[in-house]
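Student: One structure is given below, represented as structure tokens, and several questions about it will come after.
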């Protein structure tokens, strides 16, 4: 019986239907960007200082500039470990006193300012920004700064839980149904977050977005790879992630135009409601239908694809009957990811590489700290670095394969981290160049793990395998901030040493996986187990139907 890949060779592997579907699903990848990295703008922490009643009136009466006001009324640098006490502490002074002079208002209270008592910011803070963020609105600074960390951790916790739970549902009840459910919940919770009056509600709705948004992004990725033919699978996989990079550029522009976090959140969320129209635009995956022994429905989808592509489906390829593609309906289980030796090895190596990609990708951004004070330009420039990574993959993946470019990208990222440790501080341009090289390498590794993950699992657990393995990148996202900032307090370059070791190990482990270049997607566990074996040339067979005549016996 013909496989889906055999049928796609006749009705079109990447014709009008697949191109239309890819464009629609790529928009989901673009819309996922604000959830994954939106904290850069939603949680932006500007320069701030304690609000002291009476200071503004005294400043106007004396005609001070902002620099003079800060010099006269805000505590200066403190001891090591507390470099900016002026952000979290204030002079315990009644600034409404008429006896305060304009030349040096504190001179009459103490000969040395260091002798003046300092207290907490009881009246709030003043933020040096024209816009707003959840930090400025809910005062997530000083003693409450941990609440911003909790806000970002909640998203990653949601990613982690949602990846496993929704992955199981998508393999059990179908890609399309699960995708539409995640879209609806994501859009509704995003709007509710934008209008939430309290930090607690904002945190809850952000957690809900995390539970469904990444799962929806990955389900879309699975769908498009199952709709296209063998020759185009890697291309759509790469460009699906390039769409995410375009989302980074768009987010920088929208955030620049809308510096207030509520309007920004609402603007990037509303387009998600348009994705609900995909109910009429995108069918269920025929591969999933076949894996569930729903061959008649799968054939209807295939005929719809052929009609869209203006191709005819030969009669010899319309003979799928229940029980011939899959002997019985298969229900996915977490145990299927570790039950057999080869799939177990795939699962462990993929989980480690997802973890490594997340830690290095986010960690390098945190550690390098782009020069300059324009957050929008810094974000824009850092996104541009990801485009060369995608084009390098496109140029090498069909010529060399998956394994070696993937392993090399991890090694390049690890070596770049290690090299940065030994570059003198006065060669800042070289440090930035090497850091960008490391960022490019780990971006390639990130895109490769997405591509190969879907190619190593049989159909009935493919979605579950991708989502469970990718959940390790959420674990990496949770611990990376602590890894960077805690180790930096010991030695500035220590995080880079850790990144180097983690990246080099990932490059070596990749070589344990089978090469998937030119292979069809495995449909059964047996096919996935045999991927490590050398491929045999496809035999061409001709089947003859022999009819016997019934001759009556005399």
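Placement of Cβ uses the backbone N, Cα and C atoms for every residue, glycine included.
It should be emphasised that the depicted structure is a prediction, and the values quoted were computed from it without experimental measurement.
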Student: Kindly point out the range from 464-484, 527-547 that TrEMBL annotates with transmembrane segment.
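Tutor: Spelled out, TrEMBL records transmembrane segment over residues 464-484, not the other listed ranges.
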Student: Do you know the mean pLDDT across the domain 'Major facilitator superfamily (MFS) profile' (22-518)?
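Tutor: The average pLDDT of the model in the domain 'Major facilitator superfamily (MFS) profile' (22-518) works out to 82.
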Student: Counting only residues 6 or more past its boundaries, what in the same chain has a CB within less than 8 Å of a CB in the transmembrane segment (21-44)?
Tutor: 129, 131, 133-135, 140, 148, 151-152, 155, 183, 186, 190, 209-210, 213-214, 216-217, 220-221, 223-224, 227-228, 236, 239-241, 243-244, 246-248, 250-251, 255, 261, 264-265, 268-269, 271-272, 275, 278, 281-282, 375, 379
Student: What stretch, picked from 150-170, 203-224, 236-257, 404-423, has the most CB pairs under 8 A with the transmembrane segment (496-513)?
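Tutor: Comparing 150-170, 203-224, 236-257, 404-423 against the transmembrane segment (496-513), the winner is 404-423.
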Student: Relative to the transmembrane segment (429-452), which of 150-170, 236-257, 263-282, 464-484 accounts for the most Cβ pairs at distances under 8 Å?
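Tutor: Looking only at 150-170, 236-257, 263-282, 464-484, the most contacts with the transmembrane segment (429-452) come from 236-257.
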Student: Counting only pairs 6 or more apart in sequence, are there at least 3 Cβ pairs under 8 Å between the transmembrane segment (404-423) and the transmembrane segment (464-484)?
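Tutor: Output no: the transmembrane segment (404-423) is apart from the transmembrane segment (464-484).
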